[in-house]
Amino acid sequence: MSRKMLIDGEVSQPNEGEVHYDFDLFVIGAGSGGVRASRFSANFGAKVGICELPFHPISSEVVGGVGGTCVIRGCVPKKILVYGASFGGEIEDARNYGWEVNEKVDFNWKKLLHKKTEEIIRLNGIYKRLLSNAGVKLFEGEGKIVGPNEVEVTQLDGTKLSYSAKHILIATGSRAQRPAIPGQELGISSDEALSLEELPKRVVVLGGGYIAVEFASIWRGMGVSVDLFFRKELPLRGFDDEMRAAVARNLEGRGIDLHPQTNLTELIKTEDGIKVSTDHGEELIADVVLFATGRAPNTKRLNLEAIGVELDKTGAVKVDEYSRTNIPSIWAVGDVTNRANLTPVALMEGTCFAKTVFGDQPSKPDHRDIPCAVFCIPPLSVVGLSEEQAIEQAKGDILVFTSTFTPMKNTVSGRQEKTIMKLLVDAETDKVIGASMCGPDSPEIVQGIAIALKCGATKAQFDSTVGIHPSAAEEFVTMRSVTRRIAAGSKPKTNL
């Protein structure tokens, strides 16, 4: 089949008498981005091969699984545990709604763990079938690049297979990192946290990002004593400060002990558990210590430097706007490029890659206005700019609209937890440039708001939209009064 290829940003027709390759495309890594890119490329007529390590819930250099981090040891199993943990609070809230609930309600961790594992095994099989149905050849083993157009796959028995490919796509994702402190081998990463054989009674979490606050919420919802340590004044650095403060209040309100501006210095195994020491001189005993201190791109074993693929200082693959590396035949998508490390972004990048290389549709991934959610309890969801980002980037004044209220459900249950919503508006154009919400159902609501932002909606258009009543979502279209106006050239008030 004759296909047009993108070369240096231009679409050109391949030469007659082109070199023959075993594959038009070979993908290393069958996570979200790799599977999407390989399937869509095959649908455009490409002959595609893909390799992935054998399945295991906890990743290492020798095990992984089709579906990748998100499906096997990330978003999906995490959300299942969030659902499980949320029932703790729901059962408490049910009492004021007339449900006569026994004072002691038992939680069976092993049952939930079994159900979680069943689901990720099911999804692993679905992803394999998606590849097979698209005509993609799957190889189980470790892949590395040995030349601009050659890959080597080491199979489980140690046998090495070598294949040539016109294009090679790196989609190997990232892996959890551990801090360099004495006793760090006693801690666990999010991989192990999703597969603990026993539910701990006392947990210490180190980190202030998504994973840290989500697991703190999960464990607390299951009745575990949780201490959360992080370096800044508030968790979730990079998010809107007002929303970060709301998350911190909710975490504390749910019974999580927060330790801001505090780091761990040492872990020591004792008869009572793991002794945790901090840089403030505190000592705690925990059954489990979770390190949620960031992730690093999976590039170490790919042989990239030997063949000249440029990496940044974190080890991420450097790519251009089309996801192409400095070597024209080698491309990369997803977390391994360290752009916006979210599953739907990897899917978008994989789609754009396939369109660009095999679909005669040069497509650049659009990393603007990416919605995201933090599945703490209750969750936080945002799209567009935070207030701090808006102040830094604005050329004119910014109008800030906020609404803080007690959700209707909480007025009866008695739960002392408020929802907060925010819209940021460019005063000159009336365009909505950011939206945030911390409260129940925020991801479901903000996904819809994201469409409006992508379409360039104005505040007047929000105001002219009829709300759904009674709902929390209607607050986004009834915020009429400006909370504050920020003059152009202002500086963010906080650096938390």
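Backbone N, Cα and C define each Cβ position, glycine as well.
Remember, TrEMBL labels are computer predictions, not curated facts.
According to TrEMBL:
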ACT_SITE  His469  active site, proton acceptor
BINDING   Lys79, Gly143, Thr172, Gly173, Ser174, Asp335  FAD binding site
BINDING   Gly207, Gly208, Gly209, Tyr210, Ile211, Ala212, Val213, Glu214, Gly294  NAD(+) binding site
DISULFID  Cys70-Cys75  disulfide bond
DOMAIN    23-350  domain 'FAD/NAD(P)-binding'
DOMAIN    370-479  domain 'Pyridine nucleotide-disulphide oxidoreductase dimerisation'
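Location within the structure of each feature annotated in TrEMBL.
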residue : record              : contacts (Cβ under 8 Å, 6+ apart)
Cys75   : disulfide bond      : Thr343
Lys79   : FAD binding site    : Phe375
Gly143  : FAD binding site    : Phe26, Ile28, Gly29, Cys51, Val151, Glu152, Val153, Thr154, Leu302
Thr172  : FAD binding site    : Ile28, Gly29, Gly31, Gly34, Pro297, Asn298, Thr299, Leu302, Gly334, Val336
Gly173  : FAD binding site    : Gly29, Gly31, Gly33, Gly68, Thr69, Pro297, Asn298, Gly334, Asp335, Val336
Ser174  : FAD binding site    : Thr69, Arg295, Ala296, Pro297, Asn298, Asp335, Val336, Asn338, Asn341
Gly207  : NAD(+) binding site : Phe229, Phe230, Leu290, Phe291, Ala292, Thr293, Gly294
Gly209  : NAD(+) binding site : Pro235, Leu236, Arg237, Ala292, Gly294
Ile211  : NAD(+) binding site : Ser190, Ala292
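The helix, strand and coil residue counts that DSSP assigns across the domain 'Pyridine nucleotide-disulphide oxidoreductase dimerisation' (370-479) are 36 helix, 33 strand, 41 coil. With respect to Cβ neighbours within 10 Å, the recorded positions Cys70, Val213 differ, and Cys70 shows the lowest count. Burial estimate for the recorded positions (Gly294, Asp335, His469): highest at Asp335, by number of other CB atoms within 10 Å. Report note: the NAD(+) site is defined by Gly207, Gly208, Gly209, Tyr210, Ile211, Ala212, Val213, Glu214, Gly294, and the residues of the same chain whose CB lies within 8 Å of the CB centroid of those residues, excluding them, are Val205, Phe215, Pro235, Leu236, Ala292. Once the Cα atoms of Lys79, Gly143, Thr172, Gly173, Ser174, Asp335, the listed binders of FAD, are compared pairwise, the greatest separation found is 30 Å. Counting only the Cα atoms, the space from Val213 (NAD(+) binding site) to His469 (active site, proton acceptor) is about 31 angstrom. When the record's NAD(+)-binding residues Gly207, Gly208, Gly209, Tyr210, Ile211, Ala212, Val213, Glu214, Gly294 are compared pairwise by CA position, the greatest distance found is 14 Å. Cys70 (disulfide bond) sits 35 Å from the residue listed as 'active site, proton acceptor', taking the CA atoms of both as reference points.
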